[in-house]
Amino acid sequence: MQFDLKITDPKSKARAGVITTDHGTIETPIFMPVGTVATVKGVHQSELKDEINPDIILGNTYHLYLRPKLETLEAAGGLHKFMNWDRNILTDSGGYQVYSLSGRRKINEEGVKFKSHIDGSMHFFTPENVMETQRTIGADIIMAFDECTPYPCDYNYAKRSMHMTHRWLDRCIKHFENTPPKYGYSQSLFPIVQGSTYKDLRKQSAEYIANSGAEGNAIGGLSVGEPAEEMYAMTEVVTEILPEDKPRYLMGVGTPINILENIALGVDMFDCVMPTRNARNGMLFTAHGSINIKNKKWENDFSPIDEMGITWVDTMYSKAYLRHLFASREMLGKQIASIHNLGFYLWLVREARKHIIAGDFATWKDKMVKQMDKRL
Ligand code: GUN
(Lines of atoms letter the chains of each structure in order from A; the text may use other names.)
(Lines give C-alpha, C1' and ligand atoms only; values in the text may rest on other atoms or scores of the structure.)
Protein backbone atom coordinates (compact mmCIF):
# COMPACT_ATOMS: atom_id res chain seq x y z
CA MET A 1 0.00 0.00 0.00
CA GLN A 2 1.16 3.49 -0.79
CA PHE A 3 -0.01 6.85 0.53
CA ASP A 4 0.79 10.03 -1.35
CA LEU A 5 0.00 13.14 0.61
CA LYS A 6 -0.84 15.69 -2.08
CA ILE A 7 -1.54 18.81 -0.09
CA THR A 8 -2.19 20.10 3.45
CA ASP A 9 -4.56 23.02 4.03
CA PRO A 10 -2.66 26.10 5.25
CA LYS A 11 -5.41 27.15 7.72
CA SER A 12 -6.23 23.77 9.27
CA LYS A 13 -4.71 20.30 9.45
CA ALA A 14 -6.90 19.02 6.58
CA ARG A 15 -5.11 16.92 3.99
CA ALA A 16 -5.78 15.57 0.50
CA GLY A 17 -4.02 12.37 -0.49
CA VAL A 18 -4.20 9.18 -2.52
CA ILE A 19 -3.96 5.64 -1.16
CA THR A 20 -2.98 2.98 -3.69
CA THR A 21 -3.57 -0.72 -3.09
CA ASP A 22 -3.79 -3.79 -5.33
CA HIS A 23 -7.51 -2.98 -5.77
CA GLY A 24 -6.95 0.57 -7.00
CA THR A 25 -6.71 4.10 -5.68
CA ILE A 26 -8.60 5.81 -2.87
CA GLU A 27 -8.73 9.59 -2.93
CA THR A 28 -8.75 11.03 0.60
CA PRO A 29 -10.53 12.32 2.59
CA ILE A 30 -12.85 9.37 2.06
CA PHE A 31 -16.08 8.08 3.59
CA MET A 32 -16.40 4.29 3.46
CA PRO A 33 -19.98 3.00 3.19
CA VAL A 34 -20.61 0.22 5.71
CA GLY A 35 -21.30 -3.22 4.23
CA THR A 36 -21.43 -5.22 7.44
CA VAL A 37 -22.56 -8.59 6.07
CA ALA A 38 -21.24 -8.38 2.49
CA THR A 39 -23.92 -5.88 1.46
CA VAL A 40 -24.30 -2.14 1.79
CA LYS A 41 -27.84 -2.50 3.08
CA GLY A 42 -30.51 -1.81 0.48
CA VAL A 43 -28.11 -0.71 -2.27
CA HIS A 44 -27.42 -2.68 -5.47
CA GLN A 45 -23.84 -2.96 -6.70
CA SER A 46 -24.72 -0.94 -9.82
CA GLU A 47 -26.02 1.97 -7.70
CA LEU A 48 -23.11 1.69 -5.32
CA LYS A 49 -20.57 1.77 -8.14
CA ASP A 50 -22.16 4.16 -10.60
CA GLU A 51 -24.09 6.56 -8.37
CA ILE A 52 -22.37 6.59 -5.01
CA ASN A 53 -19.01 5.57 -6.45
CA PRO A 54 -16.81 5.02 -3.37
CA ASP A 55 -13.26 3.75 -3.84
CA ILE A 56 -13.62 1.58 -0.73
CA ILE A 57 -16.32 -0.02 1.41
CA LEU A 58 -16.25 -1.65 4.83
CA GLY A 59 -17.06 -5.14 6.07
CA ASN A 60 -17.19 -6.63 9.57
CA THR A 61 -15.13 -9.59 10.73
CA TYR A 62 -17.53 -10.45 13.55
CA HIS A 63 -20.56 -10.69 11.27
CA LEU A 64 -18.85 -12.39 8.32
CA TYR A 65 -17.20 -14.94 10.59
CA LEU A 66 -20.62 -15.92 11.96
CA ARG A 67 -22.42 -15.74 8.62
CA PRO A 68 -21.78 -16.80 5.83
CA LYS A 69 -18.76 -18.25 7.76
CA LEU A 70 -15.17 -18.53 6.67
CA GLU A 71 -15.55 -21.77 4.70
CA THR A 72 -17.95 -20.10 2.28
CA LEU A 73 -15.84 -16.96 1.96
CA GLU A 74 -12.73 -19.03 1.27
CA ALA A 75 -14.55 -21.23 -1.26
CA ALA A 76 -15.75 -18.05 -3.01
CA GLY A 77 -12.15 -16.81 -3.25
CA GLY A 78 -12.57 -14.05 -0.66
CA LEU A 79 -15.08 -11.30 0.06
CA HIS A 80 -14.39 -9.29 -3.13
CA LYS A 81 -15.43 -12.21 -5.33
CA PHE A 82 -18.26 -13.32 -3.03
CA MET A 83 -20.01 -9.95 -3.26
CA ASN A 84 -18.66 -9.04 -6.72
CA TRP A 85 -16.91 -5.86 -5.57
CA ASP A 86 -13.59 -5.31 -7.33
CA ARG A 87 -12.59 -2.11 -5.54
CA ASN A 88 -11.10 -1.77 -2.06
CA ILE A 89 -12.51 -3.27 1.12
CA LEU A 90 -11.57 -2.63 4.75
CA THR A 91 -12.65 -5.02 7.49
CA ASP A 92 -13.06 -4.05 11.11
CA SER A 93 -11.57 -6.60 13.47
CA GLY A 94 -14.55 -7.33 15.66
CA GLY A 95 -13.22 -5.22 18.54
CA TYR A 96 -16.17 -2.87 18.27
CA GLN A 97 -18.88 -5.47 17.58
CA VAL A 98 -17.73 -7.53 20.53
CA TYR A 99 -17.84 -4.35 22.66
CA SER A 100 -21.45 -3.82 21.55
CA LEU A 101 -22.30 -7.32 22.85
CA SER A 102 -21.95 -6.21 26.48
CA GLY A 103 -23.44 -8.93 28.65
CA ARG A 104 -22.76 -11.58 25.99
CA ARG A 105 -18.97 -11.47 26.21
CA LYS A 106 -15.99 -11.89 28.55
CA ILE A 107 -12.67 -10.17 27.95
CA ASN A 108 -9.33 -11.38 29.29
CA GLU A 109 -5.70 -11.05 28.28
CA GLU A 110 -5.94 -14.01 25.91
CA GLY A 111 -8.94 -12.65 23.97
CA VAL A 112 -12.72 -12.33 24.03
CA LYS A 113 -15.23 -15.10 24.59
CA PHE A 114 -18.62 -14.19 23.17
CA LYS A 115 -22.05 -15.49 22.41
CA SER A 116 -23.29 -15.29 18.82
CA HIS A 117 -26.24 -12.91 18.39
CA ILE A 118 -27.54 -15.35 15.74
CA ASP A 119 -27.78 -18.71 17.51
CA GLY A 120 -26.28 -18.21 20.96
CA SER A 121 -23.23 -20.41 20.18
CA MET A 122 -19.99 -19.60 22.01
CA HIS A 123 -16.88 -18.32 20.19
CA PHE A 124 -13.44 -17.04 21.14
CA PHE A 125 -11.59 -14.23 19.32
CA THR A 126 -7.88 -13.73 19.91
CA PRO A 127 -5.51 -11.31 18.17
CA GLU A 128 -4.07 -14.32 16.33
CA ASN A 129 -7.28 -15.91 15.06
CA VAL A 130 -8.71 -12.50 14.12
CA MET A 131 -5.67 -11.98 11.85
CA GLU A 132 -6.29 -15.38 10.26
CA THR A 133 -9.98 -14.64 9.86
CA GLN A 134 -9.19 -11.35 8.13
CA ARG A 135 -6.70 -13.13 5.85
CA THR A 136 -9.55 -15.44 4.83
CA ILE A 137 -12.04 -12.62 4.31
CA GLY A 138 -9.34 -10.95 2.22
CA ALA A 139 -9.94 -7.21 2.68
CA ASP A 140 -7.25 -4.82 1.44
CA ILE A 141 -7.03 -3.09 4.81
CA ILE A 142 -7.54 -5.08 7.98
CA MET A 143 -7.78 -3.83 11.55
CA ALA A 144 -5.91 -4.88 14.67
CA PHE A 145 -7.94 -6.55 17.41
CA ASP A 146 -8.60 -4.01 20.16
CA GLU A 147 -10.89 -3.23 23.04
CA CYS A 148 -13.18 -0.27 22.39
CA THR A 149 -13.85 1.28 25.79
CA PRO A 150 -17.32 2.64 26.62
CA TYR A 151 -18.17 6.23 27.58
CA PRO A 152 -17.84 7.22 30.31
CA CYS A 153 -14.93 5.02 31.27
CA ASP A 154 -13.10 4.94 34.58
CA TYR A 155 -9.48 6.16 34.19
CA ASN A 156 -7.90 3.01 35.58
CA TYR A 157 -10.01 0.77 33.37
CA ALA A 158 -9.17 2.88 30.31
CA LYS A 159 -5.45 2.71 31.13
CA ARG A 160 -5.42 -1.07 31.68
CA SER A 161 -7.49 -1.63 28.55
CA MET A 162 -5.24 0.59 26.45
CA HIS A 163 -2.15 -1.36 27.52
CA MET A 164 -3.93 -4.62 26.71
CA THR A 165 -4.86 -3.25 23.25
CA HIS A 166 -1.15 -2.44 22.76
CA ARG A 167 -0.12 -5.98 23.77
CA TRP A 168 -2.82 -7.36 21.47
CA LEU A 169 -1.36 -5.20 18.68
CA ASP A 170 2.07 -6.79 19.13
CA ARG A 171 0.45 -10.22 18.89
CA CYS A 172 -1.52 -9.12 15.79
CA ILE A 173 1.59 -7.83 14.01
CA LYS A 174 3.57 -10.97 14.80
CA HIS A 175 0.83 -13.27 13.57
CA PHE A 176 -0.01 -11.13 10.54
CA GLU A 177 3.61 -11.20 9.42
CA ASN A 178 3.75 -14.99 9.77
CA THR A 179 0.51 -15.60 7.83
CA PRO A 180 0.65 -14.98 4.08
CA PRO A 181 -2.27 -13.46 2.15
CA LYS A 182 -4.54 -16.03 0.49
CA TYR A 183 -5.69 -14.51 -2.77
CA GLY A 184 -2.62 -13.11 -4.53
CA TYR A 185 -2.92 -9.45 -3.47
CA SER A 186 -1.46 -7.79 -0.41
CA GLN A 187 -3.24 -6.64 2.74
CA SER A 188 -2.29 -3.84 5.15
CA LEU A 189 -2.78 -3.98 8.90
CA PHE A 190 -3.88 -0.78 10.67
CA PRO A 191 -3.39 -0.49 14.47
CA ILE A 192 -5.94 1.39 16.60
CA VAL A 193 -5.31 4.17 19.15
CA GLN A 194 -7.43 3.85 22.31
CA GLY A 195 -7.33 5.74 25.64
CA SER A 196 -10.95 6.81 26.12
CA THR A 197 -11.37 10.57 26.76
CA TYR A 198 -8.08 11.02 28.65
CA LYS A 199 -5.53 13.20 26.90
CA ASP A 200 -2.52 11.60 28.58
CA LEU A 201 -3.69 8.12 27.62
CA ARG A 202 -4.50 9.17 24.06
CA LYS A 203 -1.02 10.68 23.77
CA GLN A 204 0.60 7.54 25.12
CA SER A 205 -1.45 5.31 22.84
CA ALA A 206 -0.78 7.44 19.74
CA GLU A 207 2.96 7.24 20.46
CA TYR A 208 2.79 3.47 20.81
CA ILE A 209 0.77 3.12 17.60
CA ALA A 210 3.03 5.55 15.69
CA ASN A 211 6.05 3.44 16.67
CA SER A 212 4.51 0.26 15.30
CA GLY A 213 5.49 1.39 11.79
CA ALA A 214 2.13 0.42 10.22
CA GLU A 215 1.06 1.52 6.73
CA GLY A 216 -1.89 3.41 8.18
CA ASN A 217 -3.27 4.19 11.64
CA ALA A 218 -6.71 4.31 13.18
CA ILE A 219 -8.35 6.12 16.08
CA GLY A 220 -10.93 4.07 17.96
CA GLY A 221 -13.04 4.43 21.10
CA LEU A 222 -14.74 7.66 19.94
CA SER A 223 -18.33 8.42 18.94
CA VAL A 224 -19.44 6.15 21.78
CA GLY A 225 -21.60 8.76 23.50
CA GLU A 226 -19.09 11.47 24.42
CA PRO A 227 -19.86 15.13 23.56
CA ALA A 228 -18.56 16.17 20.11
CA GLU A 229 -16.11 18.63 21.74
CA GLU A 230 -14.45 15.78 23.64
CA MET A 231 -14.19 13.74 20.45
CA TYR A 232 -12.50 16.64 18.64
CA ALA A 233 -10.13 17.23 21.56
CA MET A 234 -9.04 13.57 21.44
CA THR A 235 -8.62 13.58 17.65
CA GLU A 236 -6.50 16.69 17.93
CA VAL A 237 -4.13 15.15 20.49
CA VAL A 238 -3.75 12.00 18.39
CA THR A 239 -3.28 13.55 14.93
CA GLU A 240 -0.46 15.68 16.39
CA ILE A 241 1.43 12.45 17.04
CA LEU A 242 0.48 9.98 14.28
CA PRO A 243 2.89 10.06 11.31
CA GLU A 244 2.02 12.62 8.62
CA ASP A 245 2.93 10.31 5.76
CA LYS A 246 0.42 7.57 6.66
CA PRO A 247 -3.37 7.66 6.32
CA ARG A 248 -5.40 8.25 9.49
CA TYR A 249 -8.74 6.55 9.97
CA LEU A 250 -11.30 7.70 12.56
CA MET A 251 -13.51 4.69 13.26
CA GLY A 252 -17.30 4.90 13.41
CA VAL A 253 -17.60 8.68 12.85
CA GLY A 254 -20.06 10.22 12.27
CA THR A 255 -22.49 13.01 11.35
CA PRO A 256 -21.66 15.18 8.32
CA ILE A 257 -20.55 17.91 10.75
CA ASN A 258 -18.35 15.48 12.74
CA ILE A 259 -16.70 14.42 9.48
CA LEU A 260 -15.84 17.96 8.38
CA GLU A 261 -14.53 18.93 11.84
CA ASN A 262 -12.33 15.83 11.97
CA ILE A 263 -11.05 16.39 8.43
CA ALA A 264 -9.96 19.81 9.70
CA LEU A 265 -8.04 18.00 12.45
CA GLY A 266 -6.11 15.83 9.98
CA VAL A 267 -8.24 12.68 9.56
CA ASP A 268 -8.32 11.02 6.12
CA MET A 269 -10.76 8.10 6.42
CA PHE A 270 -14.20 7.63 7.98
CA ASP A 271 -16.96 5.05 8.23
CA CYS A 272 -20.32 5.11 9.96
CA VAL A 273 -23.65 3.30 9.81
CA MET A 274 -25.43 6.65 10.16
CA PRO A 275 -26.19 7.42 6.48
CA THR A 276 -27.72 3.97 5.90
CA ARG A 277 -29.24 3.32 9.35
CA ASN A 278 -30.81 6.78 9.58
CA ALA A 279 -32.03 6.44 5.98
CA ARG A 280 -33.94 3.33 6.98
CA ASN A 281 -35.61 5.41 9.70
CA GLY A 282 -36.58 8.16 7.24
CA MET A 283 -33.83 10.66 8.04
CA LEU A 284 -32.18 12.37 5.08
CA PHE A 285 -28.98 14.42 5.21
CA THR A 286 -28.65 17.39 2.88
CA ALA A 287 -26.29 20.33 2.45
CA HIS A 288 -28.95 22.55 4.06
CA GLY A 289 -29.79 20.37 7.06
CA SER A 290 -31.53 17.10 7.85
CA ILE A 291 -35.06 16.06 6.94
CA ASN A 292 -37.41 13.65 8.69
CA ILE A 293 -39.26 12.51 5.61
CA LYS A 294 -41.97 10.90 7.78
CA ASN A 295 -43.20 14.35 8.93
CA LYS A 296 -46.68 15.40 7.84
CA LYS A 297 -45.27 18.65 6.51
CA TRP A 298 -44.00 16.78 3.40
CA GLU A 299 -47.39 15.20 2.62
CA ASN A 300 -48.10 17.45 -0.37
CA ASP A 301 -44.60 18.69 -1.12
CA PHE A 302 -43.91 17.58 -4.67
CA SER A 303 -40.47 19.17 -4.86
CA PRO A 304 -37.52 16.81 -5.47
CA ILE A 305 -36.06 14.96 -2.47
CA ASP A 306 -32.96 17.14 -2.86
CA GLU A 307 -32.70 19.91 -5.46
CA MET A 308 -28.94 19.39 -5.61
CA GLY A 309 -29.48 16.12 -7.48
CA ILE A 310 -26.27 14.43 -6.36
CA THR A 311 -27.75 10.99 -7.16
CA TRP A 312 -30.53 10.18 -9.61
CA VAL A 313 -33.03 9.37 -6.86
CA ASP A 314 -32.83 12.97 -5.63
CA THR A 315 -34.64 14.39 -8.63
CA MET A 316 -36.50 11.24 -9.73
CA TYR A 317 -38.73 11.17 -6.62
CA SER A 318 -40.57 13.87 -4.70
CA LYS A 319 -40.64 14.39 -0.94
CA ALA A 320 -44.37 13.61 -0.90
CA TYR A 321 -43.78 10.32 -2.72
CA LEU A 322 -40.92 9.27 -0.46
CA ARG A 323 -43.01 10.17 2.60
CA HIS A 324 -45.79 7.99 1.22
CA LEU A 325 -43.37 5.05 0.79
CA PHE A 326 -42.30 5.37 4.44
CA ALA A 327 -45.89 5.71 5.63
CA SER A 328 -46.76 2.54 3.67
CA ARG A 329 -43.64 0.76 4.94
CA GLU A 330 -42.59 0.05 1.36
CA MET A 331 -39.01 -1.20 1.07
CA LEU A 332 -38.33 1.12 -1.87
CA GLY A 333 -38.48 4.06 0.56
CA LYS A 334 -35.54 2.72 2.56
CA GLN A 335 -33.60 2.03 -0.63
CA ILE A 336 -34.13 5.54 -2.01
CA ALA A 337 -33.17 7.15 1.31
CA SER A 338 -30.02 4.97 1.58
CA ILE A 339 -28.84 5.91 -1.91
CA HIS A 340 -29.53 9.58 -1.21
CA ASN A 341 -27.66 9.63 2.12
CA LEU A 342 -24.63 7.70 0.87
CA GLY A 343 -24.50 9.87 -2.25
CA PHE A 344 -24.55 12.93 -0.01
CA TYR A 345 -21.77 11.65 2.30
CA LEU A 346 -19.54 10.83 -0.68
CA TRP A 347 -20.29 14.22 -2.23
CA LEU A 348 -19.36 15.91 1.05
CA VAL A 349 -15.90 14.30 1.31
CA ARG A 350 -15.23 14.93 -2.40
CA GLU A 351 -16.14 18.60 -1.95
CA ALA A 352 -13.89 18.73 1.11
CA ARG A 353 -11.05 17.35 -1.02
CA LYS A 354 -11.69 19.92 -3.75
CA HIS A 355 -11.62 22.76 -1.22
CA ILE A 356 -8.44 21.45 0.43
CA ILE A 357 -6.80 21.43 -3.00
CA ALA A 358 -8.21 24.89 -3.83
CA GLY A 359 -6.87 26.24 -0.50
CA ASP A 360 -10.21 27.46 0.93
CA PHE A 361 -11.21 24.43 3.02
CA ALA A 362 -11.43 26.22 6.38
CA THR A 363 -13.92 28.87 5.22
CA TRP A 364 -15.96 26.35 3.22
CA LYS A 365 -16.06 24.01 6.24
CA ASP A 366 -17.32 26.75 8.58
CA LYS A 367 -20.05 27.69 6.10
CA MET A 368 -21.13 24.06 5.62
CA VAL A 369 -21.17 23.30 9.35
CA LYS A 370 -23.52 26.23 9.93
CA GLN A 371 -25.68 25.31 6.96
CA MET A 372 -26.01 21.60 7.83
CA ASP A 373 -26.81 22.21 11.50
CA LYS A 374 -30.54 22.58 10.83
CA ARG A 375 -33.67 20.47 10.77
CA LEU A 376 -35.75 21.21 7.70
N1 GUN B 1 -15.49 1.13 15.29
C2 GUN B 1 -15.77 2.27 15.95
N3 GUN B 1 -14.96 2.40 17.02
C4 GUN B 1 -14.13 1.33 17.02
C5 GUN B 1 -13.09 0.90 17.89
O6 GUN B 1 -12.73 1.54 18.88
N7 GUN B 1 -12.49 -0.28 17.60
C8 GUN B 1 -12.85 -1.03 16.50
N9 GUN B 1 -12.23 -2.17 16.25
N10 GUN B 1 -13.84 -0.63 15.68
C11 GUN B 1 -14.46 0.53 15.94
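Backbone N, Cα and C atoms are what each Cβ position is placed from, and that goes for glycine too.
Whatever TrEMBL says is automated annotation, not expert-curated.
Worth saying up front: this structure is predicted, and the values here are computed from it rather than measured.
Region 'RNA binding' is the annotation TrEMBL gives to one range among 161-167, 224-230, 252-258, and that range is 252-258. Per TrEMBL, substrate is bound by Asp92, Ser93, Gly94, Gly95, Tyr96, Asp146, Gly221; the candidate from Gln194, Gln204 named for the same site is Gln194. Looking at the stretches 6-10, 51-55, 211-215, 276-280, the one that TrEMBL records under the feature region 'RNA binding' is 276-280.
Note on the region 'RNA binding' (252-258): residues 96, 220, 222-224, 228, 231, 270-272, 274, 285, 344-345, 348, 368-369, 372-373 of its chain, located 6 or more positions outside it, place their CB under 8 angstroms from a CB of the stretch. Looking only at other Cβ atoms within 10 Å, the busiest spot among the binding-site residues Gly94, Gly95, Gly221 turns out to be Gly221. When averaged over the region 'RNA binding' (276-280), pLDDT in the model lands at 98.
Recorded residues Gly94 (substrate binding site) and Asp271 (active site, nucleophile) have their alpha carbons 15 Å apart, per Cα-Cα distance.
Note on the region 'RNA binding' (252-258): DSSP counts are 3 helix, 0 strand, 4 coil.
Cα separation, Gly221 (substrate binding site) to Asp92 (active site, proton acceptor), rounded: 13 Å.
Long-range neighbours of Tyr96 (substrate binding site) (same chain, six or more residues apart, CB within less than 8 Å of its CB): Cys148, Gly220, Met251, Gly252.
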